[in-house]
């Protein structure tokens, strides 16, 4: 123990145990072992041993708290096992054999604790312990093992857990374990094992649920297992087989195991759609027909007929379905598969099949026809014919040589695609079919459409010779179709295609055919004479003459034919052909004969190309009588102009007409027919074009008059430029004045004049334009540019007169190009470009510099650098005016930089007036420069004034410079500077050196340094300056100590000189004492007055208290006693309390 002798805990414990004081020993040891130290391992083991032997519950509690860490764990594990604390024993054992020995005591271990303990073991040890538990008591420990496997399936491994259950054939454990893991697993093997375990444990409902819901088990493996298991409930097997397509296997299994009830339930309730597979398997298993029929009838309409018929047909058992199919038909079923099956049954039974095939509208002809082919081909033909199954019918008739039936079907069908197929060269049976068509099918037919379709098919198949023979037989041999319009057309067309030599004979023999159409076909076939004969036979004269012109290409025959028939349309066609061949005059004559005005555009074009304007005039006069077309009248005027009949033009335009005179005039102008164009433009008052025309005719005065009426800028320009080229400058100026008022056209006119060297005329034009009412800035500017280029002597006057009406930037560029620097400067100033103005003045000073002007510009500069450039400029060229410039720039320049410039140039004195003027700004460089000048000039008055008023300079440097100056006033200024700088000793020393005692005394007084003052007194005594001594006492009165002054005066026999100081000192101190006494008395009187007021207040409160009823005393205020505290001592005016009247207390030395 701390502060005493050490104690042996083991001895004390033994003392407790000797007296059987187990609880006390335990309490003692628990208290002393709280630190849990390694050196207490023996005592920790001892306290646990004691309690495990006597009070196991206490030991369990100690272990549960985790107080100890260093006890003997194997020893304690053995004691826990003996005491029945198996969980604690398991926690302390570290060997597998010990754990396996203890863990089997599951009857004494809480299951949850045991499950949690498994979580602390390694995978291998946990599996070993699980095996031991199952080996010792499979049923008793199964729940614990299942819970452990569920809890630690990830650590132990699902496969390992499954192997343990399978090793002990514990399907119940496997069922419970996999049941918790199934929903999160997609492993087919796990799903199968769960189904297997559920089946073997009798969990049929769970097997049914999993087989119905799970998508992960192996269906084949599961089906085989369920069939081997032979469960009493077949629903799980039904689920598997229905979902994965094992219906035949399911049916076979159920039938062989006599589970017919499940067959009926599956077909009726689960999946009626699979009934055909069930029926097929039952037929394979030789099930009685009555059961199958009953099964089919029980499903009825839910049963899919097509697969059912297929299954029965494959097994040749269709008759089995007769009752079922008849029942469906009686219910009104129109299902094609029902009627197909019923038809097959009727065909097999030979129960009047032709009637069924021709009357039943619901069966599929292809299916039934195919079924009939091997049984009766004629029935197949009937079925195919009913359904228009062309390919199938052709195949079956070719195969069985039924060409007559085929020919009848093809003719009646009237289908072009079918005809194309049977008449194809690839058809080896084509010849037999054609023979039957010609000999039987068509003669039997009474339908013209069928005959027409057959003939067209022959034509399409390119069988012209066969077709001609057929048509000659039909048309020319007095048959029912001999006068048929279509057949006559076909005969001629076929002959045109196959045998042209017969065409002319047919044309002469036949009357009822389509002449226009056949004639066109003959033209296409290049049978032009036959076509001409057809058109002539049918009085189609226009078509006939077209054949002569276009195909036979004989204009002579066409003209002869036109004279014979005398039709306008024929002449018109002849005229067109002549026009195409370039016979323009003949064509115009023919058009006039035809009285045809429709082709006037082509005629006009051809006549112009052939230059036959006399004939064109005749034609156009005829056309004008037929129609009023602007094109005709316009071309007539043009034709008059081309043959120079100007009089006819004037007469024509005065007459009513619809000519587009503007277009005609433009055309005449473009082709240089100016006289005719002049007539047109004058008539339509198109003054602009008239002016241009007159220019071309060089009638300039008339052109100007026309331009004045047109009043168009473009017209004015054309006339003006033409007059300039002709050197008619008076007329050109008249035009120009009307042009230059337009800003956009001014530059073009100016360039035109200048390019031709007419500078004076251009300037005259511009000067005249200044007085115009619509004169604009461009005129003034352009005149300025012209002055700059050609008459510079007038430029400045012009600029000054019209500065506000000029485009200054443009004129600036012109002046810069022509190097008119004075005018350029003036323009810059007017345009507020002061920086450029100043730069121009400085760069071209001989011409551009003017001092007053430059000063005005300088104050408006924006670029600061130009100020200093101006300083350099004046320093170099006009140094006598530099101060005047600097005074103007004083508010804008950096004075320090100006001083530096002048100092570097060595002309600092030159700008002294400027520096004096700006010294009020207190700039260091200016101050130092002026001080330097004053020192050089020995102007000490100005120097002192500068030092007093402007303190921004190097004071010490200046003082050091002038302290050795030969002039006294200069040295005095040095002392003054030292005094201002606070260098009292240097100032006093300098003053004493020059015997300036008054300055020395004033310096001491201003310094406030007692030591310096007393040293100065000593100096005066040493120098024998008694008067100075007396003066110093008064000047430095506040600094000198009285005792020192009296001592020095007494010791140096200067009492008389110090006596005035002594009197003043005594008088001052007496006044101070009197003021102190007065202040004390006033403070005491204030204290007494305040005490009297407080007493009056207390008396007044007591008086009110006597009038009030008795009551309990009020509690004292916080921080206060029961009664009134005496007032604190009062000081006067914030001063500390004063002692009683009399002398102040004396301090000790």
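Cβ atoms here come from the backbone N, Cα and C positions, even for glycine.
Since we're looking at a predicted model, the values are computed, not measured.
According to TrEMBL:
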REPEAT    1-146  repeat 'CHCR'
REPEAT    149-291  repeat 'CHCR'
REPEAT    296-435  repeat 'CHCR'
REPEAT    442-587  repeat 'CHCR'
REPEAT    591-732  repeat 'CHCR'
REPEAT    737-883  repeat 'CHCR'
REPEAT    886-1029  repeat 'CHCR'
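Residue counts for the repeat 'CHCR' (886-1029) under DSSP, split into helix (H, G, I), strand (E, B) and coil, are 112 helix, 0 strand, 32 coil. Using DSSP to sort the residues of the repeat 'CHCR' (1-146) gives these counts of helix, strand and coil: 108 helix, 0 strand, 38 coil. Over the repeat 'CHCR' (591-732) the predicted model carries a mean pLDDT of 73.
For the repeat 'CHCR' (591-732), the number of residues in each DSSP class (helix H, G, I; strand E, B; coil) is 110 helix, 0 strand, 32 coil.
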